[in-house]
Amino acid sequence: MSTTPTSSTTEKVNGTALADVGEEPEGKGDVEQGKEQVDTADDVGEYPKGFRLAMVVLALVLAVFLVALDLLYLASQTNSTAWIRLGVYKFFPIKASFMTAIAIFELGSLICGVSQNSSMLIAGRAIAGLGASGISTGCYTIVAFAAPPQLRPAFTGIMGATFGAGSVVGPLLGGVFTGRVSWRWCFYINLPIGVPSIVVILLLFKTPSTAQPLKAPLLEKVLQMDFSGTSLIMAATICYLLAMEWGGTTKAWNSASVIAVLVLFPVLIFVFILNEWWQGEKAQLTFRILKNRAMLAVSLFAGSFFTLLYYLPIYFQAIDGASAQASGVHNLPLIIAMTITTIASGGLISAFGHYVPILVSGGVVTTIGMGMIYTLQVGSKSSHWIGYQVLAGLGIGFAFQVPQIVAQSICELPEVSHYTAISLFFQMMGGTFFISAAESIFSNKLVKHLKVNVPEIDPKIVIGLGATQFRNSLPVAAIPGVVLSYMQSLHPVFILATTLAGVATLVSLIARWEKIKIRI
């Protein structure tokens, strides 16, 4: 029997990939079909081996690290263009698309580095964000075609660990460059990192026959990239971010502008859902995907992780008086622990095929760790914040990469880029939405507590100084009140991170506890 699935079988497989591992497709058993396909792929030598495989994976790791370095600078730009990347790798050659994405990112970084005004900097960030959205999807897509199926989860875990490490190293390097050289080097550093990735992929990665883009006229390809969905989700995201930024700080929550964007946000989301429903199976995000519990879980886990990653350094700076560079070093227990378990989760899924126990156990440990971080106070010992970070990092590492690993394991190779992009889209949108919510909570609480604890000082002055400068600029008598205000404002943020991890764990519990069948 041919290993090439019929259209009906493919549809069932796609349904399986999007329904928490549903029914088996008709025809040959999954294990037999996977084994036959593995043998076929190995026979034709489509997977790089040895040195070539190592170099390709290294190039992808560098590319992931490149995006993670600028994560906090490019988060909104990356998510605004994320919808476009859902179609690029499906309709255009993988190799060319990936190298183009890196080139666009490098161009944007160069523009940022040489910018002479804020408008030029914003334009550069927008261009870099467009490239970054393509790089992240391309890395996970290429590793699916470059690595044998039994190794894919492990390599995916390595890239996830790299992403986590880069998320911390980026702000750390940014602080060093800004303080000792120039802020422009935050962008110049990207240029030498991206070039090796382009060269290695160009010379050593051969696009396999299973990675050929769908054949269609150029106009049809462009029309199927769902630009209407892109426009709607971008507009909705902007409305949400503006509401979180304005509300309670620069504008009152009951002001006309804040109310307007708060009303527009759900309206645009509703229209977006209608747009996807109207397009049916041609939509980039079908209702089968919207019902997938793993996608909801990954958004919640991402919100918890990125909230902690963003606000824990503020704790070190405002409460302990650490510099920006030192606060990055203090974050290392979180990242080291996360790196270890991210790689381990990929290996465990490769070995046993079960992902829900890993997702649930990771969620439980993350929730406990986040809850312990909430107990931090002014004057907490270093042994406390180190241990709590290790606990949270171990849990996050187990859970963070599972959706990408599962998507690559259970769908057909031609669909890998699409499902990977969707998973990353939910992950990054979760981070963006919940960081914005956390920022709104923190800013509103800080203004409130400053008015109570240091009424003689204008809260706008304290906020303008930032977490690292207020100690050197305010009267000594006011410092304890400001520190207390920061601590009281951080606690609700840590509650949000803990709640997100807990809800993500509950969502993971209702997923189907089945063994995944690796596909080619």
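Residue 1 is the first one shown; counting continues down the chain.
Even glycines carry a Cβ here, placed using N, Cα and C.
Worth saying up front: this structure is predicted, and the values here are computed from it rather than measured.
Range annotated as transmembrane segment by TrEMBL, chosen from 96-114, 210-228: 96-114. Through the fold, the transmembrane segment (493-511) approaches residues 20, 293-294, 296-297, 300-301, 303-304, 307-308, 311, 356, 359-360, 363-364, 366-367, 370-371, 373-374, 376, 395, 399, 434, 437-438, 441-442 of its own chain, all at least 6 residues removed from its boundaries and within a Cβ separation under 8 Å. Stretch with the most C-beta contacts under 8 angstroms to the transmembrane segment (153-173), considering only 126-147, 185-205, 358-376, 388-407, 419-442: 388-407. The average pLDDT the prediction assigns to the domain 'Major facilitator superfamily (MFS) profile' (1-516) is 79. Here the listed stretches are 126-147, 185-205, 358-376, 388-407, and the one with the most C-beta pairs under 8 angstroms to the transmembrane segment (294-312) is 388-407. Among residues of the same chain six or more beyond the transmembrane segment (358-376), those with a C-beta under 8 A of the stretch's C-beta atoms are 294, 297, 301, 304, 308, 312, 315, 319, 341, 345, 348-349, 384-385, 387-400, 402, 491, 494-495, 497-498, 501-502, 504-505, 508-509, 511.
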